Amino acid sequence: MNLVIDIGNTLIKYAVFENGKLIYDQSSESGLFLSKVKELFEQYPKINNALISSVGKLDRKERDIVALFCKVHVLTHDSKVPFKNSYATPHTLGMDRVALATAAFYHNPRGNTLVIDAGTCITYDMVNNFGEYVGGAISPGIRMRYKAMHNQTAALPLLEPEDIIDFIGNSTATSMHSGVINGVSKEVDGVIEQYRGRFQHLTVILTGGDAHFFAKRLKNTIFANSKFLLEGLNCLLEYNKR
Ligand SMILES: Nc1ncnc2c1ncn2[C@@H]1O[C@H](COP(=O)(O)OP(=O)(O)O)[C@@H](O)[C@H]1O
Ligand SMILES: CC(C)(COP(=O)(O)O)[C@@H](O)C(=O)NCCC(=O)O
């Protein structure tokens, strides 16, 4: 059994895989790391390999906690990846994006795949039909947009994301929701169109904790898969065992 841990900018995600199949997944805030890991090894004593991926500098403490229970691989820029990485600055590429590119590569090995991950930031990652990661984009996430409007104005409140009834907001709140939710939908649709213009038979995968806020508003056909990144991490764990 494998354990994969994705330390994102907002949440930590944990997943257990048995023979390549995801059998458990959950998320927690960072303060609960130790108790969550202990709980997981009690529940799944057969876990014998783990992979930790972090978008920040990984605290040695986190690695050491998992290493008490099993063999650990920490995903770094030196880890082996199955795709050709053509990013101009591979040493600054986020580990979550490496995992998404890996999942895209395994999901659609001879196809063109765009992965859109709506988390703290919205990331776009493109793997082409030559198995080459070519890059993508980083844009502010949904909650980040609400926070930015609140923090950088005198009058705008801090709102929780909420779907809109009409794209024309008729109050402060509905105007802000339209700006964020309608704005993100149009951004994502527009970006998908740009990629479709350059890559034939494009498969688009939408994932991330905040994807549900706008997924149904997209006019483009997409595949929603909330476990995509975790699947990529499990592939990377297997790939780096070799
Ligand atoms: N328990 C939770 N605490 C905080 N955010 C949560 C929680 N559950 C779901 N979310 C949502 O998930 C989003 C984070 O998405 P995620 O893809 O995990 O981001 P990241 O990988 O950047 O940490 C948050 O913006 C929030 O809307
Ligand atoms: C762009 C990100 C902040 C996204 O992080 P997330 O929203 O998934 O927590 C992360 O992938 C990152 O820190 N990347 C480094 C820069 C780069 O990928 O080029």
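Positions of Cβ are set from backbone N, Cα and C atoms, glycine also.
Here's what TrEMBL has on this protein:
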- ASP96: active site, proton acceptor (ACT_SITE)
- ASP6, ILE7, GLY8, ASN9, THR10, LEU11, ILE12, LYS13, THR120: ATP binding site (BINDING)
- TYR87, GLY94, MET95, ASP96, ARG97, THR172: substrate binding site (BINDING)
- ASP117: K(+) binding site (BINDING)
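Distribution of TrEMBL features across the structure.
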residue : record                 : Cβ contacts under 8 Å, 6 or more apart
ASP6    : ATP binding site       : ILE12, LYS13, TYR14, SER53, SER54, ASP96, ALA99, LEU229, LEU230, LEU233
GLY8    : ATP binding site       : VAL55, ASP96, GLY119, THR120
THR10   : ATP binding site       : GLY119, THR120, ARG143, GLY209
TYR87   : substrate binding site : LEU93, TYR133, VAL134, GLY135
GLY94   : substrate binding site : VAL55, THR123
ASP117  : K(+) binding site      : ASP96, ARG97, LEU100, THR123, ASP125, THR207, GLY208, ALA211, PHE228, LEU229
THR172  : substrate binding site : ALA155, LEU156, PRO157
What is the one among the binding-site residues ILE12, MET95 whose Cβ has the most other Cβ atoms less than or equal to 10 Å away? MET95
Highest Cβ count within 10 Å among the recorded positions ASP96, ARG97, THR120: which residue is it? ASP96
Using the residues the record lists for ATP (ASP6, ILE7, GLY8, ASN9, THR10, LEU11, ILE12, LYS13, THR120), what whole-number Å value is the largest Cα to Cα distance? 13
Would you list, in sequence order, the residues of this chain other than ASP6, ILE7, GLY8, ASN9, THR10, LEU11, ILE12, LYS13, THR120 that have their CB within 8 A of the centroid of the site's CB atoms, where the site is the one recorded for ATP? SER27, VAL55, ASP96, GLY119
Looking at substrate and its recorded binding residues TYR87, GLY94, MET95, ASP96, ARG97, THR172, figure out the farthest C-alpha pair and report it in angstrom, whole number. 41
Of GLY94, THR120, THR172, binding-site residues neighbouring ligand 2, Cβ under 6 A: GLY94, THR120
Candidates ILE12, TYR87, GLY94, MET95, ARG97 (binding-site residues) with CB under 6 Å from ligand 1, in sequence order, are none
